[in-house]
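Feature annotations, reproduced from TrEMBL:
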BINDING   Arg22, His134, Thr355  substrate binding site
DOMAIN    41-382  domain 'Aminotransferase class I/classII large'
BINDING   Gly109, Tyr110, Ser181, His209, Thr238  pyridoxal 5'-phosphate binding site
MOD_RES   Lys241  N6-(pyridoxal phosphate)lysine
Amino acid sequence: MPGFNERLGAVLAQRRRDDLYRQRLTLESSQGPRVRVDGREYLNFCSNDYLGLAAHPQVVAALRAGAERYGVGSGASHLVCGHSTPHRELEEALAELTGRPRALLFSSGYAANTGTLTTLLQSGDQVFQDRLNHASLLDGGLHSGARFRRFAHNNVTDLEHKIIAAPPDSAKLVVVDGVFSMDGDTAPLADLAALCQQHNAWLMVDDAHGIGVMGEGGAGSVTAAGLDSAQAPVLMATLGKALGCAGAFVAGDELLIESLIQGARNYIYTTAMPPAVAAAGLAAVRLLATEAWRREHLQQLIGRFRAGAEALGLPLMDSDSAIQPLQIGDAGRAMAFSAALRQAGFLVGAIRPPTVPAGTSRLRITLTAAHTDAEVDALLSVLADVAGEQL
Ligand SMILES: *Cc1c(COP(=O)(O)O)cnc(C)c1O
């Protein structure tokens, strides 16, 4: 019987052989279009700080002021005595942003998704998930006790077949990413909502990559699709991407939110996020309204990048979001491409299995409102050089 040392060692060795070993960078600067790693400055095209708010002076000032007033640790879970004024104010602002009666903060998106799915679902229910959904949605669905079915990516017809094949009297939940995190494409939310209404199913949307960026006022992809809380009853989004902070929330009707407060173990049995982080989140939400130019500039950069990449014949994917992956295929080649870009002073992540299906490794380029036209042009020019050698 081999011990843990042998087993763990064998797994890591296999990962190295498969070009799937992952290593962390250590940033020596704040998040932004230029970051410092090992004493060298890089142009950064791999963060999810889509609006450039992670180091925004007003967000930093709100964090500082929040810490001075409320201290650092929240000291307890929300239900004991860790819930404070900044949490309440941020929840109200997020409910208003998403046009829903209420919102509930979680400490992370992972916790929000697993907590929501395990609270909503029980054995005998049916949960239908797009096969490219985020890992936290898949994990929550698998742990929920419901019958778990995956449908082909963005394929409403496949979903319909699976719904029709399910027991008609079972409770049904359809779960999708609003914007898919590794592909950058958007879910056909209006069609999904119509199908759900037809079959009396609920729709849950994870808008981690749409909130702040898409829709009127940055309200996200659900608003952009024109859906209200009757059509998409469960809306989850994170504060750690376009909003530049940390944590996540679920927005919906009173009944949903109260059920999560009373029942979600990931909400109940965890320390509340630091109140100062909630204060920073509130500042970020306000910037969505006062600095709308960030969304517009980002859209313009997306168009600029796609036009340039298309002219160069680069393997663009079908995305109009800030996530602009280049499909490479082989994990080793994606790694080599990313390493060559790094050598040239550009950080672009190589995304490999198991994050994406085998044979679809890619460079995940992300654009942010903090990038300039010139920086995007510099990326295109280095991509052209490296593609000449690598592709
Ligand atoms: C990042 C992400 C999450 C997890 O959010 P965290 O706050 O980072 O835990 C969930 N869903 C999607 C689609 C994500 O991209």
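Note: Cβ is positioned from N, Cα and C throughout, glycine not excepted.
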**OP:** Could you work out which of the binding-site residues (Ser181, Thr238, Thr355) has its C-beta surrounded by the smallest number of other C-beta atoms within 10 A?
**Re:** Thr355
Original post:
Between Tyr110 (pyridoxal 5'-phosphate binding site) and Lys241 (N6-(pyridoxal phosphate)lysine), how far is it from one CA atom to the other, in Å?
Top reply: 13
Subject >> Least Cβ-crowded entry, counting other Cβ within 10 Å, from the recorded positions listed as Arg22, His134, His209, Lys241 >> reply: Arg22
Original post:
What is the nearest of the recorded positions Gly109, Ser181, Thr238, Lys241 to Arg22 (substrate binding site), using the Cα of each?
Top reply: Ser181
**OP:** Around ligand 1, within a Cβ distance of under 6 Å, which of the binding-site residues Arg22, His134, Thr355 show up?
**Re:** His134
Original post:
Taking the Cβ of Gly109 (pyridoxal 5'-phosphate binding site) as reference, which residues of that chain separated by at least 6 in sequence fall under 8 Å from it?
Top reply: His134, Ser136, Asp206, Ala208, Met236, Ala237, Thr238, Gly240, Ala248
**OP:** Sort the recorded positions Ser181, His209, Lys241 by C-alpha distance from Thr355 (substrate binding site) and give me just the closest.
**Re:** Ser181
Subject >> Thr355 (substrate binding site) - helix vs strand vs coil (DSSP) >> reply: coil
**OP:** Can you grab the distance from the residue listed as 'N6-(pyridoxal phosphate)lysine' over to His209 (pyridoxal 5'-phosphate binding site)? Cα atoms, rounded to a whole Å.
**Re:** 7
**OP:** Within 10 Å of the Cβ of Tyr110 (pyridoxal 5'-phosphate binding site), how many other Cβ atoms can you find? Include all protein chains, please.
**Re:** 18
**OP:** Average the pLDDT scores across the domain 'Aminotransferase class I/classII large' (41-382) and report the rounded value.
**Re:** 97
Original post:
How many angstrom lie between the most widely spaced Cα atoms of the substrate binders Arg22, His134, Thr355?
Top reply: 19
Subject >> Secondary-structure category, per DSSP, in which Gly109 (pyridoxal 5'-phosphate binding site) falls >> reply: helix
**OP:** Rounding to the nearest whole angstrom, report the longest C-alpha distance spanning Gly109, Tyr110, Ser181, His209, Thr238, listed for pyridoxal 5'-phosphate.
**Re:** 14
Original post:
Quick one: which residues besides Gly109, Tyr110, Ser181, His209, Thr238 have a Cβ within 8 Å of the pyridoxal 5'-phosphate site's Cβ centroid, in sequence order?
Top reply: Asn113, His134, Ser136, Asp206, Ala208, Ala237, Gly240, Lys241, Ala248
